[in-house]
Amino acid sequence: MQHFRQMISMTRQNKEYIFKLVKLDWWQPGTEHRRTSTMRSLLAKLPGSRCFLLPFTLILGMQAQQAFRTQPRNVTVQAGTQAQLKCQVLRATGPVQWVKDGLLLGPQRSLPGFPRYRVIGDKRKGEYHLLIEDVALEDDALYECQAGQSDSSSAIISQTAWLNVQIPPLKPYIELESNEPWVAGKEYTVMCTASDAKPAAEITLFKGGIQLLDLDSVTMSGSEEQLMNTQAEVRVKAESADHGGELVCKARNSALTTAMIDTKVMTVYFPPQAPVIEGLDITPVKAGDILKLSCLSHGGNPLASLYWTKNGELLSSSWEEDVVQRRSRSLLFLELTAEDNQAILHCESLNQVSQTPLFISHMLTVFFEPVKVNLLGTFEAVEGQTVAFCCHTSSSNPPVEIRWWLGFRELNTTLLSKAKGENGGMTTMSNLTHTVSREENGLLLSCEAFNKGTQFSSSTSKILHVFYPPHRVWLHAPPEDVTLKSGHPVHLTCFSTGGNPTGQLTWFKNGRVIQGSSKQVSLKRGVSLELRFILQPSDNLAIYRCDVTNLSKKLLSAKTRLKVQFASIHVEIQVKPKVLRRGKTVSLDCLCGSSNPKANASWSVGFDRLAGVEMASRPAEYGGVSFRSNLSLTLTSQHHQQRVTCKAFSKLLSEAVSSSYTLNVLFPPEFSSEQPKEVKAVENDEVSLPLMVSANPTEMTCDWIFHGKKLDKETEWRYCWDDGFVLKIRNVTRNDAGVYNVECANEEGHSHTSTILNISYAPTFRMKPDVVFVDIGGTVDLLCEVEANPVISGMFSWKWLGNGEIDVESQHEDDTTGWLTLFQVTRAHTGTYQCTVDNDIPPAAAAEVQLVVRFKPQLKKGPQWSKVASRADGVSTVDIACQAEGVPKVDFSWAKNKMPMDFANPRYMENTVRVGVVHTSTLSIENVSATLDYAVFTCTASNSLGEDSLDIQLLNTNHPESPSDLRLLHVSNYSVTLEWKPGFDGGLTQKFRIRYLWKGFSSYHYVDVFPPKATFYTVTGLLPATTYNFSVNAVNNMGESSYADGNTALTVTTRGKDPAVDLHPPGDSNLTQESFGVWHYLSMVTVGVVILFTVICLSCVMLVRWRKDQKQTDVTGSVLKGSKTDTEGSLNVPERYINTELMSTATSATASTIETNSTVYESYAGENGHYYSTIEESQPTFYTHMEGAEHHGPFGHDYEEVTNEEMQLNLQNFLPISHHSHPPLAADPCRGNQQQSFEVYGKDIEDVDYAWRNNGPFIAPTSPTMSSQLLFELGGELV
């Protein structure tokens, strides 16, 4: 609070913000996150807020809200067992106690008053688990875990958990309706009850080992609260097989592992089996025989009673019982007679539970002879007729066989049938079907009945008479293909020969007998009949037929058809409707009567001949045809009083029949076709609107209407009209433009027409366009709607007002609406478009429309976005940024290791900033910890169109990742421009370095990119027509990366020189390529001597300093050299460079070095200097030269291979002895005020940059396992 007061006194000029801070509810529980966010936003507005933001954060972070880590859950246990409800509280500061059904059990862990209850668990871990011993029914309740309110936290209550106590049921018992034995086939109620269970018991019933289904179970309250009784009831049908079996009831619930059982034995009465008869195997039997029969019935409880009957009459009621074999037996002696044939012999068995007697029946069969034989049928037949005869015998057993004779010939086309007769015998019937012929006339037909078994035979006979028809019939008549005409005479003659007896002739016309014909004439071998008459129209297509018949009743016929031509009978016009009005359609039907041949119909209206629609012809009177012709007219005033004529004309007969009808058309007022539809005028002129109208009747009234209002010259002085209804308007304006309607009426109705008054004026916008939204990839129409007159084609034009080029060619217009269609809309289409309208009447109108393209969020991705590095020292703050573009508004969500972020944690804060379509969400993490915060954070950006996500890894600071996608942008004679994509910078500022090599040289040239963060660079001073191999890597304070694209070199050949141009490179026109190489060689020798001298001097200085440091510390340390391979990507102890450096003026102090056969560089020692140095010495800046061979001594190496592997391994055991700052080295007069560079090899040492800055001594650990015991913060590495 003292710091807070000091900050308030320091910022009195910001009274408004300070007052808001003081007014906050500081200690209100549950507002920590909101309170922190509010204070941060207020403090950010205060001057110098960065200075006292941390104290405020510390003040707010003092409170720690209690929270449940584990909450109790529902538990189900059996009575007498043990139950445990779990509860674990994080940061428990208030008293923790359990609640049972709203009753507090107390904060003590022993819980006095509840001897079976106690609280268990590790209190230091916040465990307050409730343990209940020997669980009873009274423990079945609802439980809650509560943490009481404290000074730093509000009270919390867990979710409610139910302890469900289960109790097994008592032994079930079975109840029956009565104690009487059951009767098979009847249904009985079986009830089983299981009492006092929780949960309610489930009951299953079995009969004879088979489970009974469809139980009707009822649950009711038990003897105590929460205990339940279950009563199951089922209807059982008793069966004979159930006798002696058991009924079983099983009851169980979830508290039982084995069901409880009750049983009962069943006693069942059941009827006996059906009886059987023995002694009927003697066949055949005849009257007088004596049968000995036995009736047996098995089973039954009790045994059966037996009875004999014949045809329903009782023969015997005595029987005997066999208890051992469980059967009853009855004997019967029967003497057979003829009446016993087909008699029913019946034996019944029953006992006291039989609902109906069981019986067996047998029908007796007795043989006997027939009494008589009868012959039936028609014995007069026509030749060719199939005649049926029947021979029938009386009852006999067995039935007799029948044979047929015609003359001396046996007939076999018979059908034999047998039927029941008297005394149970059978009658025999033989049906004969025979087709007679004239040769069989007078023969004797005989029927013979015989029985081979009884040697019985009898027969009867009758004479057969056969009739046959005339032999032939024919006509003498005109041929059918000859056409006759009505009124001409004609005669027809019919002849017939043969037949027995002679035939009778009859004439028919169309199936009707013709009366009044001449008499029949007998001839030598037949007869004839003549018919004379005058042709009439009814004879057309009439059929004249002559029939001949006799007693044979066979009809012979001969016929002819006459063809007669005649004119149409009549013509009639029918009109619908009867009252005719203008605009209606009148239908005129011309009905043409029967004619042969068919006539043709024609129509005329006045002097105009019209074509009607002829309907399909149909047969009509006297064999002719009739048809209908239809004429449809839409009536106009011109049809009034005109005559409509229909004429039916027969071309063959040269005859015509016609009918006429006069039209009487009524019509309302009608406007002339010359009535003008549009009248043009200019504002402020006088205009006349003419009216040309006629009507029938002529009396009518006419009114002018504009905009739905009737015009009145009495109220508007600018309107006037004469008796001809011509409207005149004075001083017309734009508002007078439009449609003028005129309505005229008479007795028949009213009509109206309209005249458009067109006033010309410049365009004005009717609806100004606004903002238009469209989804990306879609199609959008930008509309522009105006009022203008005239509306001309091409008066709409569109223009893009934004930067770049947009295709606005797809322009359309429809009347007063124009629109621009944009297809496959991209984000580049977002902006302002201008619609201009010009109808050649100035001034033109213009409006702007804003197009907004909606698209789903698109997160920025790449190495610099997917990784963030920070030290895990417990005090650092890191910001993880996630930036997305999207429309509409983008919402962000964060997850850590796939789990949603808990922003109630004061260490985590999220802030979203929106600038246009760019949305940036920043996740701030305070007091970064490797254990808690080195993880993968997932940022998800979403809006209504979709979502995008990015995994961002938070890790320790490290060397940078290698660049990628190295490519050529431009090449010239003396320069090459390269471009690449940067990799992750390792959490520190990274710079880039280019190396290149050309044919004929074994050493690389190195160029530092300037500006340091640039991702493209132009390498100059190259030779023309020369092939170079280029590579690029990244460097930061913790080391350098491998070269781009997996150490793959980019091969580029510079352009050849123009022959007309000097062959020497710019700036040194007097040097040839050979002299240029010599100059480099001399420079290398000179500079090498200088470097050697400088190295010796610096070695001495470093040795003196090292000895001084040894005296100031009690523990000695050493720094050993190391190396890095191409795959590790981190630099170890720096190498000593004997070559020189060049500060190029062309590249603004870009350093360049040459290294012999090397792919590894030393790291920068600081952010501001561009130099190379070793641990022992620092070097001044020299001019560029080619690097010569260097001997590194016993501890040196040639970069690619470490010469002392033991030194590399032992280097991992060195740690900084202290994190306190040490005095910097004295300024070196050779290189100016530069810091000394240190690098430490080993992935177990994290804070390398910290060690470099402090130049602190190193001490070897006393235990070889100390590296494995390092904190995670010191053991982090780039993942």
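For all residues, glycine too, the Cβ spot is worked out from N, Cα and C.
Remember, predicted model here, so these are calculated numbers, not experimental data.
Annotated features, as they stand in TrEMBL:
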DOMAIN    55-158  domain 'Ig-like'
DOMAIN    168-267  domain 'Ig-like'
DOMAIN    272-361  domain 'Ig-like'
DOMAIN    370-464  domain 'Ig-like'
DOMAIN    470-557  domain 'Ig-like'
DOMAIN    567-664  domain 'Ig-like'
DOMAIN    669-760  domain 'Ig-like'
DOMAIN    763-852  domain 'Ig-like'
DOMAIN    857-953  domain 'Ig-like'
DOMAIN    962-1057  domain 'Fibronectin type-III'
TRANSMEM  1078-1104  transmembrane segment
Contact between the domain 'Ig-like' (857-953) and the domain 'Ig-like' (370-464) (at least 3 Cβ pairs under 8 Å, separation 6+): no
Helix, strand and coil totals (DSSP H, G, I; E, B; other) for the domain 'Ig-like' (272-361): 3 helix, 46 strand, 41 coil
Number of helical, extended and coil residues in the domain 'Ig-like' (857-953), per DSSP: 8 helix, 56 strand, 33 coil
Structural state census, the domain 'Ig-like' (763-852) (DSSP three-state): 3 helix, 50 strand, 37 coil
Per-region confidence, the domain 'Ig-like' (567-664) (mean pLDDT, whole number): 88
Three-state composition of the domain 'Ig-like' (669-760), taking helix and strand from DSSP: 3 helix, 48 strand, 41 coil
Within the domain 'Fibronectin type-III' (962-1057), residues counted as helix, strand or coil by DSSP: 4 helix, 48 strand, 44 coil
